[in-house]
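Novice: My structure is below; once you've seen it, I'll send some questions.
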Amino acid sequence: MKETVHHFPVNVLATSSAVLVFWLLCFANLTFVQADIHGAGEQALAKIDIYKTTLAIDGSALITAYPRFLGSLGEDSEWTTVNIMNEKPSADDWVGVFSPANFNASTCPPQDDQWQETPYICTAPIKYKYANHSNPEYTKTGKSTLRFLLINQRADFAFVLFSGGLSYPKLVSVSNKLQFLNPKAPVYPRLAHGKSWDEMTVTWTSGYNIDEAVPFVEWGMKGETPKRSPAGTLTFKQNSMCGSPARTVGWRDPGFIHTSFLKDLWPNIVYTYRMGHILSDGSYVWSKVFSFKSSPYPGQDSLQRVIIFGDMGKAERDGSNEYSDYQPGSLNTTDQLIKDLDNFDIVFHIGDLPYANGYISQWDQFTAQVQPITSTVPYMIASGNHERDWPNSGSFYDTTDSGGECGVPAETMYHVPAENRAKFWYSTDYGMFHFCIADSEHDWREGTEQYKFIEKCLASVDRQKQPWLIFSAHRVLGYSSNSWYGLEGAFEEPMGRESLQKLWQKYRVDIAFYGHVHNYERTCPVYQNQCVSKEKHHYSGTVNGTIHVVVGGGGSHLSEYSSVIPNWSIYRDYDFGFVKLTAFNHSSLLFEYKKSSDGKVYDSFTISRDYRDVLACVHDSCPATTLAT
């Protein structure tokens, strides 16, 4: 995302059961605990001061939900209806969705803080709505009907009616429970490249540990007998989190994350696949059937299309959690990509994925939102400040932006072909493209381990076979006229390009992409703050510098520009959008910036050149020669 978030201490409280009778029986034994919650930031769920909850059970109030059983046709999501009847309605009444439904004190972790008063709720809801969301007359009638879209998250659900607003919640009534028929089902596949061009990884989530079921993927070319590949299983625990809220009210069990490696793929072939689990009794649990097209051979001359954006976040299709207007463009970007799914081959989401900020339930919400994309094309990610940063955890920035996650959910939920997934830098190929993905949340400066990787990645590419060389990182290590970069004077992440620009120039990087700043901006081909070409839209022959692009308008709230427009800034757009690269062959590349609102092109350029143009001498990048014959 953008600048360091301002955080404030919040205290946590836990409360008893998900059924009204249980609440009344347990009232005398419930207790309340305070604990600081850091990393709340701008996450909508952080607005709820759960620690201040008190019991205000009202027998005249009633909240009911249906259908009680979800996914009867195998769906991974389903709309539910919640009816409210309340004789004492108020404008700040709200409904929270809790999962698991039995959120009682016995399930809460031990606390070191001083015990105070009843009751005790130890987890935040997974989403919420105000009671008057769909009925402006609620305060007069005391009646309202809300619609929530629930996804399969491996546990049952209960809806809780609160009065007192988000700051001083008073628990009024608890609904019946709802659950999916198979809450442990394999869901939300995420494709990603393996370490070689002919390998695809499939990662998914389920409720099955390896002592319950054996995970695998069944896959093959259309019309041929499918084969099976085993999957590894990972998870993470509450004590893997570095701080609050991820370690306290934001914690929710992530289930089990499985990854299978599909190897020896033929280039440009459509494969079908489905995830499966063999239960201890020999029966099978299957996912839906999906398909993907394998990658082209490195250097292969064919139409190849790439999508790049950052900072998309997640949003709720049912309108819940959106009172902070935190990620207003997220669904537009997602839906445009789903609509255009047949017209691109691979996606790079360069950091700041769901902005969970320590509320672990939101990772499930995000993987469900992007499933139509991630199940069909490789979805390659980079690490952002909202995935990684936490004080004294090894991140380059000593901020609380991850909400205590310190990179663990991101590196577990998504596969990247890195040597060490805790260090999120890697390279990958797609046909005529070679990508070097840096991790801006670890030190990249000259002499570091990552700097050596970046140089090796840039130097290793054969430009005759892969002419299009792309660099990417989350933070702007190049150029941006964002307002706070302007105030700092350098128009970059501090220390951003000082070490790296000589590498970009030496190895003739074509385009460098960044997120973090929530807008769009394109530079001229630039080196050492100077444009090296007067052309703006049609580059031909030798390009003497790197074009830097900020494409952080994936969905999170927008960032302002500096009032000063540097000479290298060609195009700026204060809106949500993404970039599409199309390589027609080894000599022709089309760059397009599209708005998420309508999918139309608002900025573009082309590069036309031959191999000799890539080899040609440019400033600070001339190969040594000799007079010897």
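Backbone N, Cα and C define each Cβ position, glycine as well.
Dumping what TrEMBL says about this protein:
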- 1-35: signal peptide (SIGNAL)
- 63-182: domain 'Purple acid phosphatase Fn3-like' (DOMAIN)
- 189-293: domain 'Purple acid phosphatase N-terminal' (DOMAIN)
- 305-520: domain 'Calcineurin-like phosphoesterase' (DOMAIN)
- 545-604: domain 'Purple acid phosphatase C-terminal' (DOMAIN)
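Have a look at these and tell me how they're positioned relative to everything else.
Specialist: For the domain 'Purple acid phosphatase Fn3-like' (63-182), the number of residues in each DSSP class (helix H, G, I; strand E, B; coil) is 7 helix, 52 strand, 61 coil.
Within the domain 'Purple acid phosphatase N-terminal' (189-293), the DSSP-based counts of helix, strand and coil residues read 3 helix, 53 strand, 49 coil.
Confidence in the domain 'Purple acid phosphatase C-terminal' (545-604), given as mean pLDDT, stands at 97.
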